[in-house]
Amino acid sequence: MGGSTITHVEDVSGQNSNGTVHAKTFVLVVAVNMVYFAQLISVVGSGSLGHSIAAVTGATEYQVWFTSSITILTAALSPPVSQAADYWGRKWPLVFFTSLGCIGSVVVSRANSPGSILAGFVISGIGFGAQPLVATISSEVLPRRWRPFAQGFFCSAGALSAVASLLFGGALVRDGNNEGFRVYYYVCAGVFALSALLSTLLYNPPPRNLQVELKFYEKLGKLDWPAYALLTGGTVLFCMGLSWSQNPYSWSDPHVVAPFVVGVGLLIGLISYALFVKKDGIVHHKLFLHRNFAIALGCQFVEGLSFFASNNYWPSETRKFLSPDTLLVGANYTVAFIAGIIIAGFGAAFSWKTKLLRPPSTLAFVLFIIFDILAATITINTPDANFWVYPIFVGGGMGLCLANGMTVAQFATPLELLSTTTGLILAVRNLGGTVGLAIYNAIFNHCITSNLASKVAAATLPLGLPETSLSLLVDVLNSGNLEALSTVPGITSAIKSAAEIAQLQTYVIAYRYVWVAAGAFSASALVATFFIVERKTDFNAHVDAPVEDNIHKSAYLEKA
């Protein structure tokens, strides 16, 4: 698609229409977004099928790392891959990392041990380095006035993938068929492979200036290696410390304190390095010339906190309080993504028509807060119908937040930094998800540890359970093997029922505080959206990086 002309334009801010968009551009956008479709199959499966994967591979204590491996690596790789794409072009990094997603999915599908399953998710996580390129290409090949639609389509591709993944995955592991996750990840590998093939065949942009002008060693020298090391090390250690807190170590244990403190130190070092040493690295100072970018960064961090809270904790909560049927649980969560697709479309149309970005941003976090409040009110007596209504709100928030936030960020930064902008936004979003999962995991485990024994004792000892059997009863409940309750000395049907109810009441408390934390984070982002400045003049016909043959390929810019 496109010729081999190399062009350079220093300033396109005064241009309006500079390219004609034909059918092949839309085909390209669909093909590239198939990469994101594949990625969502992987990450949704890591959460919704986590129990089945852990049961088969014996990785129960590492379950939080199935998703965290992906989010950490996405956060760590998005900035360097975005930078590298300005020197080596978009195409081959996109194809390379997407191919790694295929390999990682195959490893997951064949895993039989904790080590192999974690290795598979780590390789898959590296494959997510292609994610910022999908969002960048979708934006730069279409007119800027269509930017809300471009980002809305990016989000809708992910939402559609999630719908298919939840239903397909739920059906595969239904009725205790935990081995079904293998088929799921075989299919995931196939979608990654097809995505890589389509990107290879359909995406043929002209070379960028720096892609041709710089030698290989010069390109390597342009990359911000110290920042990559600080970001990766800080994120991994910080989240490792949080994840280990109360699971299995106490807050004062060196296993928690050491990685947590070192991780925080590295992240502080990254901030200092970006402020005072490297002003044109992954945190380029030109990105912050307009306050909208900083606001977008903060809001996308919180969106990551909100999305991964619902992705990991809503399906498990519905499985406990709505139905153990995995297909029904998956169908329930698809309500969120279907709502997201619909509301994303309305949000994009609103912004395109009115050229306003603040109202959808504000509404997104209002919807997140409503969901968190409703989810926090769930008890063991909550009507089943409520579980089918609540996801509409979180889905609406997801449908508006990322698409609108990406548009806000891209309009607030120089055109030549589009790739860096996109990579940093997605890195911060996934960093939010990573930090959120660690925080929620610590909250959840602390609530279980602090409440289960006391609630079980209060419910069962008055019914005649021997005190000597209490510890064993709690251990059996923690194991999840309720059939083993009959082996507890002194157990009766009444005591068994009382113990199970006490366990559910403990889970009510644990889930409640997860949603309270998520709601508090969303409230802070809601306030931030009030300060977004509208930029109506950016809704114009300029195409940042045309891929058609006939006119100015003006946005293949040299990086400032």
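Each Cβ is built from the backbone N, Cα and C atoms, and glycine gets one as well.
TrEMBL has this to say about the protein:
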type: TRANSMEM; residues: 25-44; note: transmembrane segment
type: DOMAIN; residues: 26-537; note: domain 'Major facilitator superfamily (MFS) profile'
type: TRANSMEM; residues: 64-82; note: transmembrane segment
type: TRANSMEM; residues: 94-111; note: transmembrane segment
type: TRANSMEM; residues: 117-137; note: transmembrane segment
type: TRANSMEM; residues: 149-171; note: transmembrane segment
type: TRANSMEM; residues: 183-204; note: transmembrane segment
type: TRANSMEM; residues: 225-244; note: transmembrane segment
type: TRANSMEM; residues: 256-276; note: transmembrane segment
type: TRANSMEM; residues: 288-310; note: transmembrane segment
type: TRANSMEM; residues: 330-350; note: transmembrane segment
type: TRANSMEM; residues: 362-381; note: transmembrane segment
type: TRANSMEM; residues: 387-412; note: transmembrane segment
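Away from its own ends, the transmembrane segment (387-412) comes close to residues 135, 139, 144, 147-148, 151-152, 154-156, 159, 289-293, 295-297, 299-300, 303, 306-307, 310, 314, 318, 321-322, 332-333, 335-344, 347-348, 351, 357, 360-361, 363-368, 370-371, 374-375, 418, 421-422, 425, 429, 522, 532, 535, 538 of its chain (Cβ-Cβ under 8 Å, at least six residues beyond either end). Per-residue pLDDT, averaged along the domain 'Major facilitator superfamily (MFS) profile' (26-537), amounts to 91 for this model. The recorded stretches the transmembrane segment (149-171) and the transmembrane segment (64-82) do not share 3+ CB pairs below 8 A when only pairs 6 or more apart in sequence are counted, and are therefore not in contact. Against the transmembrane segment (25-44), the recorded stretches 117-137, 330-350, 362-381 differ in Cβ pairs under 8 Å, and the greatest number is found for 117-137. Below 8 angstroms of C-beta separation, residues 1-2, 24, 27-28, 31-32, 34-35, 37-38, 41-42, 45, 49, 90-91, 94-95, 98-99, 101-103, 105-106, 108-109, 120, 127, 137, 165, 168-169, 172-173, 547 of the same chain, each at least six residues beyond the ends of the transmembrane segment (183-204), sit close to that stretch.
Counting same-chain residues at least six beyond the ends of the transmembrane segment (225-244), those with a Cβ under 8 angstroms from any Cβ of the stretch are 64-65, 68, 72, 75-76, 79-80, 253, 255-267, 269-270, 273-274, 277-278, 281-283, 427, 431, 434-435, 437-439, 441-442. Listed as Cβ neighbours of the transmembrane segment (330-350) (distance under 8 Å, sequence separation of 6 or more from its ends, same chain) are residues 48, 148-149, 151-152, 155-156, 159-160, 162-163, 166-167, 169-171, 310, 314-315, 318, 322, 356, 359-360, 363, 387-388, 391-396, 398-400, 403-404. Using the rule of three or more Cβ pairs under 8 Å, pairs at least 6 apart in sequence, the transmembrane segment (117-137) is not in contact with the transmembrane segment (256-276).
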